[in-house]
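Okay, so Swiss-Prot annotates it like this:
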type: ACT_SITE; residues: Arg24; note: active site
type: ACT_SITE; residues: Asn42; note: active site
type: DOMAIN; residues: 9-99; note: domain 'Acylphosphatase-like'
type: MOD_RES; residues: Ser2; note: N-acetylserine
type: MOD_RES; residues: Ser93; note: phosphoserine
Amino acid sequence: MSTAQSLKSVDYEVFGRVQGVCFRMYTEDEARKIGVVGWVKNTSKGTVTGQVQGPEDKVNSMKSWLSKVGSPSSRIDRTNFSNEKTISKLEYSNFSIRY
């Protein structure tokens, strides 16, 4: 069907005060509420990184949340998005925290 929305995949990295503030847990909750799949994890350089996949409008909602909202006690300085592309099918069945 041509009415089906295209699926998008995007990688992200969030900079600021995003570790030790429950950022990953809130990201997982928000992703499940919005209805996207992928993953999130802390990096050794103090950022949070991951990947989001889903219908384009839902991925855009998650990108906005990762750029502006975050967890209640986080401070997002900037969020970089990369490798944004259209995919034919989702590569994950849910959204998870990686360690």
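Every residue, even glycine, has its Cβ placed from backbone N, Cα and C.
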Using the alpha carbons only, what distance in Å do you get between Arg24 (active site) and Ser93 (phosphoserine) once rounded?
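Distance between the two Cα atoms comes out at 18 Å.
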Rounded to the nearest angstrom, how far is the Cα of the residue listed as 'phosphoserine' from the Cα of Asn42 (active site)?
21
Residue counts in helix (H, G, I), strand (E, B) and coil for the domain 'Acylphosphatase-like' (9-99), per DSSP?
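Counting residues by DSSP class gives 25 helix, 39 strand, 27 coil.
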Counting all other Cβ atoms within 10 Å across every protein chain shown, which of the recorded positions Asn42, Ser93 scores highest?
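Of Asn42, Ser93, the one with the most crowded Cβ is Asn42.
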Across all chains shown, how many C-beta atoms besides its own are within 10 angstroms of the C-beta of Arg24 (active site)?
21
Averaged over the whole of the domain 'Acylphosphatase-like' (9-99), what is the pLDDT?
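That stretch averages a pLDDT of 98.
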